[in-house]
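K.L.:
Heads up, here are the entries from Swiss-Prot:
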- K23, G95, R123, Q169, R348, R390: phosphoenolpyruvate binding site (BINDING)
- K23, S24, R28, S167, Q169, D317, K344: 3-phosphoshikimate binding site (BINDING)
- D317: active site, proton acceptor (ACT_SITE)
Amino acid sequence: MNNSEIININGPFKGEIEVPGDKSMTHRAIMLASLAKGISTIYEPLMGEDCRRTMDIFKLLGVTIEEQDNSIIINSPGYQNFITPHQVLYTGNSGTTTRLLAGLLSGLGIESVLSGDVSIGKRPMDRVMKPLLKMNANISGIDNNYTPLIIKPSTIKGINYQMEVASAQVKSAILLASLFSKEATTLTEFDVSRNHTETLFAHFNIPISIQGKTIQTIPYAIEHIQPRDFHVPGDISSAAFFIVAALITPGSDITIHNVGINPTRSGIIDIVKQMGGNIELSNVSKGAEPTASIHVKYTPNLNAVTIKGDLVPRAIDELPVIALLCTQASNSCIIKNAEELKVKETNRIDTTADMLNLLGFNLQPTHDGLIIHPSEFRSNATVDSQTDHRIGMMLAVASLLSSEPLKIEQFDAVNVSFPGFLPKLKLLENEGK
């Protein structure tokens, strides 16, 4: 990732769009469909770089994956017939691929090595390794904490585990490993995190029990898995950039269709409403993974908010662009209890503050979040995504508050989750002219 992009978009934005399929759900659907013997079709998947790394790894395990225009067809021999890979399993920039497959491959007992790019090599893996070791996984890393992760065969045991942080990746690694245990596993969450692993377990016929913050799997749950087709909703994390772009750009009026609004992911909608933003939902579907059309209009004079507690995991990936939105509030805003931001593609507390402060905004990082003061775009300094796709897109949205072009280094990082981001933003601008 090394190309720069000069952003020269001003709005207003008008029209109707859809955003790419949800990244979290695409990863998990690929994994579960690959475990199930037979054919599964995943419709409207995200075909960004992260999800391609997950696909590539299952191909190395013996799964046939065929890409079509708006779907992927997965023809699996079943987990019982996976082959041992004879090369390093490269996860690229994908923390989801790395952490979830650490659990899944430990459960499968397949000798393997997981390794990613330079960014992944800096991200700690101890939080996922700790519970897996309690489950008798044979897994080790560099300094017991970093990739590459070396996995060797072992017999996975069920555990009772109290989560120490609200992390869907850690939770999912435990649940995926537990599928292969002869004992039940009981997991209690710290705060409820995104539940796509649980909803997709049920979709692929894997028994799972959920009572409040407590989740339980049954012994050898993997034996129940069946191939299934799955339609991936639009990613609310991708929609977030258009939501904020419309809210801060005078004259904007947009609708984003078929966006996933799973309650464990829809924190940004609640935050925008608390700020007095003009946002409405329509065409709301029901089910484990509900969707809606999101209608957003420009809103001046936004209210100040404090974002904390269980609202944080429900908006964790959107917090950088929410921080940008908070610079346009009438008074100072606070984000707290967001330590999880430190172990994303970058330390997003520091990166968000550093990059926005370079542009003249006023953000103060804290040990667990940010204090964001009302402030304006004052400098067209060159900024850098730091190879973080969400930082890159957040900075592109920040440029809307300037009348001058903005140069963003390493902007190709956005291809991790949204390869067509800029063309879609320009499309809405063209409709607004």
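Glycine is treated like the rest: Cβ placed from N, Cα and C.
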K.L.:
Measuring Cα to Cα, tell me the gap between G95 (phosphoenolpyruvate binding site) and R28 (3-phosphoshikimate binding site) in whole angstrom.
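P.N.:
Their Cα atoms are separated by 13 Å.
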K.L.:
Can you give the largest Cα to Cα distance in Å, as a whole number, for the residues K23, S24, R28, S167, Q169, D317, K344 that bind 3-phosphoshikimate in the record?
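P.N.:
For the residues that bind 3-phosphoshikimate, the greatest Cα distance is 18 Å.
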K.L.:
Looking only at C-alpha atoms, tell me how far R390 (phosphoenolpyruvate binding site) is from D317 (3-phosphoshikimate binding site), rounded to the nearest Å.
P.N.:
8
K.L.:
Take the C-alpha atoms of Q169 (phosphoenolpyruvate binding site) and R28 (3-phosphoshikimate binding site) and report the distance between them in angstrom, rounded.
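P.N.:
Approximately 11 Å lies between the Cα of Q169 (phosphoenolpyruvate binding site) and that of R28 (3-phosphoshikimate binding site).
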K.L.:
Where R28 (3-phosphoshikimate binding site) and R123 (phosphoenolpyruvate binding site) are concerned, what is their Cα separation in Å, rounded?
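P.N.:
Here the two Cα atoms are 21 Å apart.
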K.L.:
Have a look at the binding-site residues (K23, R28, R123, R348, R390) and report the one with the fewest Cβ neighbours inside 10 Å.
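P.N.:
Output over binding-site residues K23, R28, R123, R348, R390: least Cβ neighbours within 10 Å is R123.
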K.L.:
Measuring Cα to Cα, how many angstrom lie between K23 (phosphoenolpyruvate binding site) and S167 (3-phosphoshikimate binding site)?
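P.N.:
Roughly 16 Å, rounded to the nearest whole number.
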K.L.:
Return the member of S24, S167, D317, K344 nearest to R123 (phosphoenolpyruvate binding site) in space, with distance defined Cα to Cα and candidates limited to these binding-site residues.
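P.N.:
Closest by Cα distance to R123 (phosphoenolpyruvate binding site) among the binding-site residues S24, S167, D317, K344: K344.
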